[in-house]
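Here's the structure we're looking at; comments come further down.
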Amino acid sequence: MDILFTILSVLAHILIGGYFVFLGCWSIYHWVPIMETLVKKRVPHPYLLLPAGIGIQVVTGGMIMFGMFVKVAVLILIPATIVAVFIFHPFWHFRGELRLLNFTLFLANLTVTLGALLLLLVTPTPVI
């Protein structure tokens, strides 16, 4: 049973960390439309926040994937992701198909964030 828990734990780290690394890389590729969205929504200092957000996603995602300071990475990533979800997927402002799309993305991102939160429970704290 211990080997199954270990395999599932490693798989969770790879999948959750990889998800955030992928989103960071995706955000780099889609820099211009994301920046336009931030400016349109009047988010303060978008030219500072977008690179910082991408850096948080890539670095903390990598830390989770490789098991380095996982708890610290998760504690940094969770609030940043929650803020980003509320900025980019405000489903309550839409109707019809756009509302459904934004609601789905909102829930999907929060679900992955909750998965990251579960890593706090399964990741052992190193004894110094």
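The chain as shown is numbered from 1 upward.
Cβ atoms are placed via backbone N, Cα and C, with glycine included.
If you check TrEMBL, you get these features:
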- 6-26: transmembrane segment (TRANSMEM)
- 47-66: transmembrane segment (TRANSMEM)
- 72-91: transmembrane segment (TRANSMEM)
- 103-122: transmembrane segment (TRANSMEM)
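Long-range contacts of the transmembrane segment (47-66) within the same chain, counting only residues at least 6 positions beyond its ends with a Cβ under 8 Å from a Cβ of the stretch, are 13-14, 16-25, 27-28, 31, 34-35, 38, 72-74, 76-77, 80, 84, 116, 119. If one looks beyond the transmembrane segment (72-91) by at least 6 residues along the same chain, the residues whose Cβ comes under 8 Å of a Cβ in the stretch are 20, 37-38, 41, 43, 53, 56-57, 59-61, 63-64, 99-100, 102-103, 105-106, 109-110, 112-113, 116-117, 119-120, 123.
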